[in-house]
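Data block below; observations after.
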Amino acid sequence: MAAGTLYTYPENWRAFKALIAAQYSGAQVRVLSAPPHFHFGQTNRTPEFLRKFPAGKVPAFEGDDGFCVFESNAIAYYVSNEELRGSTPEAAAQVVQWVSFADSDIVPPASTWVFPTLGIMHHNKQATENAKEEVKRILGLLDAHLKTRTFLVGERVTLADITVVCTLLWLYKQVLEPSFRQAFPNTNRWFLTCINQPQFRAVLGEVKLCEKMAQFDAKKFAESQPKKDTPRKEKGSREEKQKPQAERKEEKKAAAPAPEEEMDECEQALAAEPKAKDPFAHLPKSTFVLDEFKRKYSNEDTLSVALPYFWEHFDKDGWSLWYAEYRFPEELTQTFMSCNLITGMFQRLDKLRKNAFASVILFGTNNSSSISGIWVFRGQELAFPLSPDWQVDYESYTWRKLDPSSEETQTLVREYFAWEGAFQHVGKAFNQGKVFK
């Protein structure tokens, strides 16, 4: 079974393919998508990264065994199992067919139509109208194919479904309003069936379909473009004026800035996104440095070093402790799938890492398990309501605020942070743990 690290930027639909495939196969995929572990545009240009991935592109996957591979379809294939890849030569060929179709037929018109509505590409009316017609053709083709089929290949989800769904994702979220998509009932049924599978939801969260077709906003586009400096012209010296024209041209060429590295459409989208406001900016400064505790926790003994440091420096006025428990233990079946629920939640909370820490544990065995954990948040309230991006999973848990001074809290923090202890409140044996840091 594959295991390793996926380098990407947040909300990269190309990376979703591999993450969903891993949910089905049980591959253990860690995601690095934010500083300090991965800074898109910087980390992927370092010599160390380029030695492993010469193209410098993301997503990129590094296996625990040292195996490296880039290109999203190749990564998704690698972390898949035989069922996803196609269990017969014929099925495998059909899977490759649809994966190729997504790249060659869906990505170009989808980009042409959707990207201007996001303010990251200029609008061309004729090109957009052509793209709409091409999308209609694609949805119609899929609709005819799916008239008597639940999935694209065979009777179960394959990489074909995963890839095509991810490629259509922004169309359904941004521009395929009800009046446009109603002509393709079989395609809609299939899309909804896929995104509501637990393995898809673990990665995508709740997908909200477009209610009103988004339009190009010229003002938004203008604001997203980098502003060029226009320095004041200074009168040149007499000697400068006397320089030969050819010599002055050469100097201008030498002084011209190097063109930026070419980015694909998704990288352009990321670069064009306005910087979000810090949801925690309203809070007073705290003496507790979470990153320093995380370093202690990662690099030194938990019981003898990290925990004493935590309690010595914890700021109970600037931070809060919470106990979380999964609401629906009866729905937990295979332990690897239960563990993937935790991983999926962590992935969707990636932008919260700077202001939170958690140790979440899966207890029990197949068909008899539970999930609970201890969370540390900046401020005195749950952090999730501060951003819509963080609200996908938290309502699936019960949350109880803890008193840092109580003996119960001291015990819970020790057991959950160290992954050892009686865990008397659980009634099941420790299976495995995940840390959000």
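Quick reminder: no glycine exception, Cβ is built from N, Cα and C everywhere.
Other Cβ atoms within 10 Å of the Cβ of Ala2 (N-acetylalanine) number 22 in total over all chains. Taken from Swiss-Prot, the feature N-acetylalanine covers Ala2, and the record attributes it to similarity to another entry.
Summarising the annotation, Swiss-Prot assigns domain 'GST C-terminal' to 88-216.
Per Swiss-Prot, the feature region 'Disordered' maps to 221-268.
Summarising the annotation, Swiss-Prot assigns compositional bias 'Basic and acidic residues' to 221-254.
Per Swiss-Prot, domain 'EF-1-gamma C-terminal' is recorded for 276-437. This prediction places the mean pLDDT of the domain 'EF-1-gamma C-terminal' (276-437) at 90.
The SUMO2 cross-link feature in Swiss-Prot is assigned to Lys285; the stated evidence is similarity to another entry. The C-beta environment of Lys285 (SUMO2 cross-link), restricted to residues of the same chain at least 6 apart in sequence and closer than 8 Å, consists of Gly318.
Residue environment of Lys434 (N6-malonyllysine) contains 17 other Cβ atoms, counted within 10 Å of its Cβ in all protein chains. Classification of Lys434 (N6-malonyllysine) by DSSP places it within a strand. Annotation comment: Swiss-Prot describes Lys434 as N6-malonyllysine, evidence class similarity to another entry.
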